[in-house]
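Worksheet for the structure shown next.
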Amino acid sequence: MSRSNSIYTEDIEMYPTHNEQHLTREYTKPDGQTKSEKLNFEGAYINSHGTLSKTTTREIEGDLDSETSSHSSDDKVDPTQQITAETKAPYTLLSYGQKWGMVAILTMCGFWSSLGSPIYYPALRQLEKQFNVDENMVNVTVVVYLLFQGISPTVSGGLADCFGRRPIILAGMLIYVIASIGLACAPSYGVIIFLRCIQSIGISPTIAISSGVVGDFTLKHERGTFVGATSGFVLLGQCFGSLIGAVLTARWDWRAIFWFLTIGCGSCFLIAFLILPETKRTIAGNLSIKPKRFINRAPIFLLGPVRRRFKYDNPDYETLDPTIPKLDLSSAGKILVLPEIILSLFPSGLLFAMWTLMLSSISSGLSVAPYNYHLVIIGVCYLPGGIGGLMGSFFTGRIIDMYFKRKIKKFEQDKANGLIPQDAEINMFKVRLVCLLPQNFLAVVAYLLFGWSIDKGWRIESILITSFVCSYCAMSTLSTSTTLLVDLYPTKSSTASSCFNFVRCSLSTIFMGCFAKMKAAMTVGGTFTFLCALVFFFNFLMFIPMKYGMKWREDRLLKQQRQSWLNTLAVKAKKGTKRDQNDNHN
């Protein structure tokens, strides 16, 4: 009696949410019976179309002689059937809960970057008196922090994409702690300006690199939720910083602010050193591969249960990105000058710069008539903005993920029906930016009302409500823009994220530097009216990349491929000419 194996393979297209644990598939066994089987999608991977797929191979072993003789003999033996499933290695070994744990760790690291600027605002008046400087001079320390907050990530992002996320984050936090100690003990105003630059250079890259980390362990259908949450939670320091700074300054003095930053960031540094894993896919794959360099290894992976959970003894080497990373410190600039990128980011950066002015206006506007609020009460007035930012980062991520799933499903259906070419790619600019437009136009109205509320001394409720809406829109804008960049450049996600960081911080620096003169010339209400008009106009520019962005990218790719082909031909021709010359010489 002979035995035979029957093998077939199927490719399953899936669009699961985190609570869809299985899919059911039907198949026919050798005895003719139809069976159903639940398939776990832990081994799912992203296919060339950007959708989640899983390849399952079943081997059905049975007694085929018994099956063929079943019609001629009643004394037959039931076939022994064995079903095994072989799947591709999972994209990441992190569970859904562990992904949120990573978001918490990244928020803990990057929070100190956004906190470093607003926590300093309540101390400005004390610095003026202690060091005998005027308002313009004391604002220099605010401007230089914002300036290096935009410049530093464009360099550090390239380092993180080359050498790994973990060492750059840890190095930045350590520099921040050392600079904060120096600021707490600073003897002169010149030292404060210098150390504020160092402080910003150290911690600023953590925001962009955090988005790169999230891009390492998420797929497109879930990326909006996690990137949005990380980006939004990290920047909540700008909402609550003034409240914390006001309490510390009122209870002690301005030096207490920097001791607080030293202790807080130092504690987070120790936690991150112990548990933050390396996620760069060229180094760690799906987290099952042990990094070669010691600095890329988290000590927690020395524990037996953690090693077994992340398969350190049986790594999935096929998940290792074969791309050899090359250090290119100008890569952020090369991305930023692309027309579809700058047209997508500039309106959002302008909106975010207005949010920075709004936070500054609350501090300065509520401290004078007709409000004359105490420093701590002003800090409490930042709470609605903090809550709005928290809601904006959380809900927007889920909204853009839901919209992406719906659009990719329709896209695949149209492709299957022959309505679009099989090699077509979904328009990521349109899928992401269409979610950005409503909140950007809503923000124009909110900022306009906020500016005139401060200017005319309207009831405090109007200021609190509009600051809530403005913060919601600002965090929504940040989440969507960052997600778009990670989608477009998954292998350079830290560098790409730093582009928006550069745009928003550069614009914030310019407007903060000009804000005092603009208020003197146009009043607060007039200043916000002018900026709202700019945002309203530039919002329409986003329709250009929505329509032409993918075409421009495809044209550049074809041009690069053509140039590469010509270079290859030139090299071969040169070698052939040299060979002919050698033959003639011989």
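Glycine is treated like the rest: Cβ placed from N, Cα and C.
Straight from Swiss-Prot, the features:
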{"type": "COMPBIAS", "residues": "19-40", "note": "compositional bias 'Basic and acidic residues'"}
{"type": "REGION", "residues": "1-44", "note": "region 'Disordered'"}
{"type": "REGION", "residues": "61-82", "note": "region 'Disordered'"}
{"type": "TOPO_DOM", "residues": "1-99", "note": "topological domain 'Extracellular'"}
{"type": "TOPO_DOM", "residues": "121-139", "note": "topological domain 'Cytoplasmic'"}
{"type": "TOPO_DOM", "residues": "161-166", "note": "topological domain 'Extracellular'"}
{"type": "TOPO_DOM", "residues": "210-225", "note": "topological domain 'Extracellular'"}
{"type": "TOPO_DOM", "residues": "247-255", "note": "topological domain 'Cytoplasmic'"}
{"type": "TOPO_DOM", "residues": "277-334", "note": "topological domain 'Extracellular'"}
{"type": "TOPO_DOM", "residues": "356-374", "note": "topological domain 'Cytoplasmic'"}
{"type": "TOPO_DOM", "residues": "396-433", "note": "topological domain 'Extracellular'"}
{"type": "TOPO_DOM", "residues": "455-459", "note": "topological domain 'Cytoplasmic'"}
{"type": "TOPO_DOM", "residues": "481-523", "note": "topological domain 'Extracellular'"}
{"type": "TOPO_DOM", "residues": "545-586", "note": "topological domain 'Cytoplasmic'"}
{"type": "TRANSMEM", "residues": "100-120", "note": "transmembrane segment"}
{"type": "TRANSMEM", "residues": "140-160", "note": "transmembrane segment"}
{"type": "TRANSMEM", "residues": "167-187", "note": "transmembrane segment"}
{"type": "TRANSMEM", "residues": "189-209", "note": "transmembrane segment"}
{"type": "TRANSMEM", "residues": "226-246", "note": "transmembrane segment"}
{"type": "TRANSMEM", "residues": "256-276", "note": "transmembrane segment"}
{"type": "TRANSMEM", "residues": "335-355", "note": "transmembrane segment"}
{"type": "TRANSMEM", "residues": "375-395", "note": "transmembrane segment"}
{"type": "TRANSMEM", "residues": "434-454", "note": "transmembrane segment"}
{"type": "TRANSMEM", "residues": "460-480", "note": "transmembrane segment"}
{"type": "TRANSMEM", "residues": "524-544", "note": "transmembrane segment"}
Listed stretch, out of 226-246, 256-276, 335-355, 434-454, 524-544, that has the most CB pairs under 8 angstroms to the transmembrane segment (100-120): 226-246
Other than its close neighbours in sequence, what residues sit by the topological domain 'Extracellular' (396-433), given a CB gap under 8 Å and a spacing of at least six beyond its ends? 13, 15, 49-51, 220-229, 232, 340, 344, 439, 475-476, 479-480, 483-484, 487-488, 542, 545-547, 549-550
With a cut-off of 8 Å between Cβ atoms, can you find at least three pairs linking the transmembrane segment (460-480) to the transmembrane segment (375-395)? Only pairs 6 or more residues apart in sequence count. yes
Under 8 Å, at least three CB pairs between the transmembrane segment (256-276) and the transmembrane segment (167-187) (pairs 6 or more apart)? yes
Can you break down the topological domain 'Cytoplasmic' (247-255) into helix, strand and coil residue counts using DSSP? 7 helix, 0 strand, 2 coil
Could you put numbers on the helix, strand and coil content of the topological domain 'Cytoplasmic' (455-459), residue by residue per DSSP? 2 helix, 0 strand, 3 coil
Look at every Cβ pair spanning the transmembrane segment (375-395) and the transmembrane segment (140-160), keep those 6 or more apart in sequence, and say whether at least 3 of them are under 8 Å. no
Give residue numbers and ranges for long-range contacts of the topological domain 'Cytoplasmic' (247-255): same chain, 6 or more residues beyond its ends, CB-CB under 8 A. 119, 122-123, 126-127, 130, 184-185, 375-376, 379
When you check the transmembrane segment (524-544) against the transmembrane segment (335-355), do you get at least 3 Cβ pairs under 8 Å, counting only pairs 6 or more apart in sequence? yes
Near the topological domain 'Extracellular' (210-225), which residues from the same chain, at least 6 beyond its ends, have a CB less than 8 A from one of its CBs? 15-16, 18, 44, 46, 50-52, 91-92, 94, 99, 102-103, 106-107, 109-110, 157, 160-161, 165, 169, 231, 234, 279-281, 286-287, 396-401, 404-405, 408, 479-480, 482-483, 485-487, 490, 493-497
Counting by DSSP secondary structure, give me helix, strand and coil numbers for the topological domain 'Cytoplasmic' (356-374). 10 helix, 0 strand, 9 coil
I'd like to know if the transmembrane segment (140-160) touches the transmembrane segment (189-209) in this structure, counting it as a touch only when three or more C-beta pairs sit under 8 Å and are separated by 6 or more positions. yes
Return the average pLDDT for the topological domain 'Cytoplasmic' (356-374) as a whole number. 84
Sort the residues of the topological domain 'Cytoplasmic' (121-139) into helix, strand and coil with DSSP and give the three counts. 15 helix, 0 strand, 4 coil
